[in-house]
Structure formats: C-alpha cells, structure tokens
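In what follows, a structure is listed as structure tokens, so that the remarks can point back to it.
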Amino acid sequence: MNTEVKEMLLERAKSARKKAYTPYSNFQVGAALLTKNGKIYEGCNIENASYGLSNCAERTAIFKAVSEGEKEFEAIAVVADTLKPVPPCGACRQVISEFNPKMKVILGNLKGDVSEYTIDQLLPGAFSNEDFQSKEMK
Ligand SMILES: O=c1ccn([C@H]2C[C@H](O)[C@@H](CO)O2)c(=O)[nH]1
Ligand SMILES: [Zn+2]
C-alpha cells in the first residue's frame, strides 16, 4: 500500500479521534476505514455510563460504512495517544476479520510511530462463517 495513502488514512484517523466521546476513560481513539472503491469512513470511540456498552473507534467506522451499503474494505488506520502504536481490542479484530481476512491494519500514535499488519496476523484462526459448517461437505 503506498505511503501517501497510508499517511492520509492516519491523518483522517487522527482527526476522527478529536470527536471521541470518552468521559469515563478519557482515552481517545480515532479510526479511518478505506473501502476498495476509495471511500473513507471515520470513527471514534463512544462511551456510555453503562461502561460495557462503549464502542471502539474501529467498530464505529466499520458499522458506519456497512450501514451506508459498503462491505468491501481494504485497510483501516487507528490512532491514539499511546507509547506504542495502539493495538485494536479482540472484539474489533473479530469484526475487522469478518469483512476481509486480509485487511491491512495500520496502527499509529500521536508521536508518529506506525506499525502495519494484516488482520490475520493480529487474529490468527479467527472464527468465521466457514465454521458454521458442522461436517465436511462431500
Ligand atoms: O483499539 C482500541 C482500544 C480501545 N478503544 C477505546 C475503548 C474505550 O472507549 C477506551 C478505553 O479502552 O478506548 C478503542 O476505541 N480502540
Ligand atoms: Zn475495539
């Protein structure tokens, strides 16, 4: 993936982060999701007084995109103010892998550190719709 696109996604994630609603953790995260046809959907984390209902930035971006009719994704960038590039939580890894097991995941922080993975590196052996099959198809 070319460096300009990567930089641009990280910038959009950084900008999305400013919209985070985080009165409980005060930990802001932004994400930017790139569709295969070149559109970008931003997301931020959104917390709730009932803590467990909080939604991560990554899932906000994906759910926004899917609700607009998008299902083909190429990459997601995630940014937070962390020492090392912010790792996505397990729930988000599972949701990312649903749509593209080869999705590129670009992780950053505000200092400019960047690391890049594919989702199958971050969640090897993910549960998928193929696991619904109860016996070998002959
Ligand atoms: O990759 C991550 C990790 C955490 N969070 C959010 C969830 C919660 O609002 C806050 C603290 O966990 O950060 C994200 O949005 N993305
Ligand atoms: Zn998450």
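Using the three backbone atoms N, Cα and C, a Cβ is placed for every residue, glycine included.
What TrEMBL annotates here:
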ACT_SITE  Glu58  active site, proton donor
BINDING   Asn45, Ile46, Glu47, Asn48, Ala49, Ser50, Tyr51  substrate binding site
BINDING   Cys56, Cys89, Cys92  Zn(2+) binding site
DOMAIN    4-130  domain 'CMP/dCMP-type deaminase'
Any idea what the Cα distance is from Ala49 (substrate binding site) over to Cys92 (Zn(2+) binding site), rounded to a whole Å? 21
Measuring Cα to Cα, tell me the gap between Asn45 (substrate binding site) and Cys92 (Zn(2+) binding site) in whole angstrom. 12
Stretch-averaged pLDDT - the domain 'CMP/dCMP-type deaminase' (4-130): 97
Which has the fewest other Cβ atoms within 10 Å: Cys56, Cys89, Cys92, the binding-site residues listed? Cys89
Lowest local Cβ density (other Cβ within 10 Å) among binding-site residues: Asn45, Asn48: Asn48
Measure from the CA atom of Glu58 (active site, proton donor) to the CA atom of Cys89 (Zn(2+) binding site) and give the result in Å, rounded to a whole number. 9
Under 6 Å from ligand 1 by C-beta, which of these binding-site residues make it: Ile46, Asn48, Ala49, Ser50, Tyr51? Sequence order, please. none
What residue among the recorded positions Ile46, Glu47, Ala49, Tyr51, Glu58 has the most other CB atoms lying within 10 A of its CB? Glu58
Using DSSP with the three-state reduction, classify Glu47 (substrate binding site) as helix, strand or coil. coil
